[in-house]
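As given in Swiss-Prot:
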{"type": "ZN_FING", "residues": "4-52", "note": "zinc finger"}
{"type": "BINDING", "residues": "CYS10, CYS15, CYS33, HIS36", "note": "Zn(2+) 1 binding site"}
{"type": "BINDING", "residues": "CYS25, CYS28, HIS42, CYS44", "note": "Zn(2+) 2 binding site"}
{"type": "ZN_FING", "residues": "94-142", "note": "zinc finger"}
{"type": "BINDING", "residues": "CYS100, CYS105, CYS123, HIS126", "note": "Zn(2+) 3 binding site"}
{"type": "BINDING", "residues": "CYS115, CYS118, HIS132, CYS134", "note": "Zn(2+) 4 binding site"}
{"type": "REGION", "residues": "134-171", "note": "region 'Disordered'"}
{"type": "COMPBIAS", "residues": "136-151", "note": "compositional bias 'Low complexity'"}
Amino acid sequence: MEFPDLGKHCSEPTCKQLDFLPITCDACKQDFCKDHFSYVGHKCPFAFKKDVQVPVCPLCNAPIPVKRGEIPDVVVGEHMDRDCTFHPGRNRNKVFTHRCSKEGCRKKEMLQLACAQCHGNFCIQHRHPLDHNCQAGSSSASRGRTSTSRAAEQKPSGVSWLAQRLRRTVK
């Protein structure tokens, strides 16, 4: 039993199939079945307005114009071979850029480890004030304060707290 009022007929002249879930073309605004809804499937006369692709180069992030009828993958490949400004061997970013400020130490770290007292940049081995002979914390005013009053003024971070605990157990 057919329901002629339910659904719509495909607008493709060679099909005219009654489709219960028709798809409307966003370019020509006609209804099509699942086989003819693509621009190529029904030879849409307004496809040039909608079927535009501008791929982006995965290396240099530049938009690459693609002419009508060209395959985007081929155009991107040609761009990467000829016109791409990114050269993997030349533009390599350094990872270990933060050099230790301790005299005689030449280590470099990925992350900046700044001393809270003298604000110098140090490697993991010299990151604590006692390890790099910190000059900012050696004033007479800072020596006069007790360790409990220092802890009350500023709450130590988890890393520094753990380091202090480990130093106490090692000594």
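Positions of Cβ are set from backbone N, Cα and C atoms, glycine also.
What Swiss-Prot annotates, mapped onto the structure for a quick look.
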| residue | record | Cβ within 10 Å |
| --- | --- | --- |
| CYS10 | Zn(2+) 1 binding site | 23 |
| CYS15 | Zn(2+) 1 binding site | 15 |
| CYS25 | Zn(2+) 2 binding site | 20 |
| CYS28 | Zn(2+) 2 binding site | 17 |
| CYS33 | Zn(2+) 1 binding site | 23 |
| HIS36 | Zn(2+) 1 binding site | 22 |
| HIS42 | Zn(2+) 2 binding site | 23 |
| CYS115 | Zn(2+) 4 binding site | 19 |
| CYS118 | Zn(2+) 4 binding site | 16 |
| CYS134 | Zn(2+) 4 binding site | 17 |
Query: How many Å lie between the Cα of CYS28 (Zn(2+) 2 binding site) and the Cα of CYS115 (Zn(2+) 4 binding site)?
result: 66
Task: For the recorded Zn(2+) 2 site, whose residues are CYS25, CYS28, HIS42, CYS44, find every other residue on that chain with a C-beta no more than 8 angstroms from the centre of their C-beta atoms, and list them by sequence position.
output: SER11, ALA27, GLN30, PHE32, PHE37, TYR39, LYS43, PRO45, PHE46, ALA47
- prompt: Along the zinc finger (94-142), what average pLDDT does this model show?
  reply: 81
- prompt: So for HIS132 (Zn(2+) 4 binding site), how many other CB atoms are inside 10 Å of its CB?
  reply: 21
Query: Tell me, how many other CB atoms lie within 10 A of the CB of CYS123 (Zn(2+) 3 binding site), whichever protein chain they belong to?
result: 20
- request: Fewest other Cβ atoms within 10 Å: which of the binding-site residues CYS100, CYS105 wins that one? Let me know.
  value: CYS105
Task: Compare the Cα of HIS36 (Zn(2+) 1 binding site) against each of the binding-site residues CYS25, HIS42, CYS105, CYS115, CYS134 and report the nearest.
output: HIS42
